[in-house]
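The domain 'Cytochrome b561' feature in TrEMBL is assigned to 1-201. Among the features that TrEMBL reports, transmembrane segment is placed at 12-32, 38-57, 69-88, 108-127, 148-167, 173-191.
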Amino acid sequence: MRTPGTAIVAQAGIWILTATIWASVFIHPVILFSAHPLLNSAGLLLTTQAILILQPTHAPKQKHQGTNIHAVLNGTSVLALLAGLIIIEYNKGDHGGHFESPHAILGLITYILFAIQAIVGITQYYTPSLYGSVDNAKSIYKYHRMSGYVLLILSFCTVAAATQTTFNQNVLHIQLWAVIVAAVITLVGVLPRIKKGKLGF
């Protein structure tokens with residue numbers, strides 16, 4: 001059963017996580033690398049908002065408006081994540097070490113899945129003819145929803161892995177426990193709002 005009231009819990013969790021990351025970045029001199037955690041955390045914040053805005057929709061008009069806002073928020077999120085990827089790759093070009101740490105590997109997987117998720121979500125809703133028919137496009141909605149929740153969890157795992165990187169341990173000092181607590185709070189707010197029927201259960 002969906003619990004609308006838990007949205008405020010999800011908001012608390014994701015804003016705590018974002019504030020923790022941004023505060024840890026801005027108490028140090030801002031460098032090119034600083035944009036990487038700032039953009040990625042902003043992308044995760046936007047993705048969470050995109051999920052929350054679509055969960056309570058009921059009437060057709062409300063669903064349409066919610067989907068449009070969901071698409072804009074997620075589209076902006078993907079652009080932020082893409083910028084974060086470009087910056088870290090440019091930065092790594094100067095220092096070496098591409099996709100070697102658990103954080104980097106998880107991050108690459110997450111980036112790719114976000115791109116796929118965005119492409120499928122946009123095309124199935126706005127250009128359903130690509131799937132043969134509107135009904136065919138609608139038949140994969142449940143998979144888009146399920147993968148979205150999995151991707152949210154994967155994103156939190158990627159942030160958690162970032163706390164174990166050398167740069168974080170030597171400079172930013174974002175604590176693993178703080179990331180885990182904020183992620184759990186967010187998920188406690190998001191997951192009860194899931195309508196199992198929309199996932200095919």
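Every residue gets a Cβ built from N, Cα and C, even glycine.
The largest share of C-beta pairs under 8 angstroms with the transmembrane segment (173-191) comes from 12-32, of the ranges 12-32, 69-88, 108-127, 148-167. Counting only same-chain residues 6+ beyond the ends of the transmembrane segment (69-88), those with a CB under 8 A from a CB of the stretch are 32-33, 35-40, 42-44, 46-47, 49-51, 53-54, 107, 111, 114-115, 117-118, 121-122, 125-126.
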